[in-house]
């Protein structure tokens, strides 16, 4: 009867001396995996213009209808999004928009801390998405 | 008794009270830290470095919490119960010695005892007071007029009646070997050999029964969270709740002090450290063991608890007394 009791005590004692696996989250971060699908961003051209050509494919493919695009055209007849709104709360981070984009404009980053104080702060518009995005060489 | 003596006693009481309250407050942190590390966590980390200010933050929080009195409660006993549970525990500290006679590093002319007062029947007094502490819990459970609390209170009463017997009997061996009921004389009797050597079975019974007395896991049926919400203190809040908790932690300190005095040679130890430090080390080792038990074992079922108490612990403690008595007779 006493044997298993002592065995149990030894197990807890062993764990008492092992290093805690807790990560002090806001101070230290674990990070996300390489192929993690997080908050979106849109790539910029070298001259700072948006890469998106407003084809509307991402809007069409989005299963949760998180993307709303208003299409415009400049003097050279090049299409660009007048407004591009991505609702971070509607988005299910499936990555279809990245797959379908013909010019590799929109893509999902590894950013996982997508919690905001207000709802509006996750209604990402064109400028925010472009700010987050990388520049294409 | 002259005035100086009175002032001296008051100072002693205040020092002991302050020390006990400080220990009780920091025992909560110690328990949380030890439990956390045994579960490979880190425990409280935010209030001060490594959560060192957590007990103070908890105390402030409890002071400012709303004091809820439920409508169906029996007001007199409802208010009386927290006080009834903590006062007897604190009164036990009146006879607990904390060290040998000392002059406080030559500060005083005559050596004083490191205890508030001594009785010639210390151990009886301790048992009387620890028996009284049960009333607080039973009244608390009953006066809330709430089924969970009532079940908790009844369980507490039944459990304490069962285990108080084994708890008391386990110490008889020590009393017989030492031949005195005075705690300081019992410690002096261990000058050569600690009583844990003479009474290993007695020590194990003492430890088990005291964990049951303290209503801690694996014997925490009176406050079994998963079945009784919080057991006997379900409807208590604010400082009334804190008083139940202080009583619980103060009785952990009492039981560890008793175990140290009776079985582990009290303040005796190699003279590389002062006696009081030896005493503290032993007390904290026992406290650690009690927390360690909580981290390891699951709660017993109620029938298992009763069966273990009546059919195993009490017969074994009687056998222990019997064997001790025969050995003493043969040796003398």
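Cβ from N, Cα, C; glycine included.
Listed in TrEMBL:
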type: DOMAIN; residues: A:40-72; note: domain '4Fe-4S ferredoxin-type'
type: BINDING; residues: A:52, A:55, A:58, A:101; note: [4Fe-4S] cluster 1 binding site
type: BINDING; residues: A:62, A:91, A:94, A:97; note: [4Fe-4S] cluster 2 binding site
type: DOMAIN; residues: A:82-111; note: domain '4Fe-4S ferredoxin-type'
Cα-Cα distance linking residue A:94 ([4Fe-4S] cluster 2 binding site) and residue A:58 ([4Fe-4S] cluster 1 binding site), given in Å to the nearest integer: 12
Residue A:101 ([4Fe-4S] cluster 1 binding site) to residue A:94 ([4Fe-4S] cluster 2 binding site) - Cα separation in whole Å: 14
Binding-site residues listed as A:58, A:94, A:97, least Cβ neighbours within 10 Å: A:94
Cβ contacts of residue A:55 ([4Fe-4S] cluster 1 binding site) (under 8 Å, same chain, 6 or more positions away): A:79, A:102, A:103
Chain residues outside the domain '4Fe-4S ferredoxin-type' (A:40-72) and at least six past its termini with a C-beta under 8 angstroms from it: 78-88, 90-92, 94, 96-109, 124, 126, 129-130, 132-137
Cα-nearest neighbour of residue A:52 ([4Fe-4S] cluster 1 binding site) within the listed binding-site residues, A:62, A:91, A:94, A:97: A:97
Per-state residue totals over the domain '4Fe-4S ferredoxin-type' (A:82-111) - DSSP helix, strand, coil: 5 helix, 9 strand, 16 coil
Long-range Cβ environment of residue A:62 ([4Fe-4S] cluster 2 binding site), under 8 Å and at least 6 residues apart: A:91, A:96, A:97
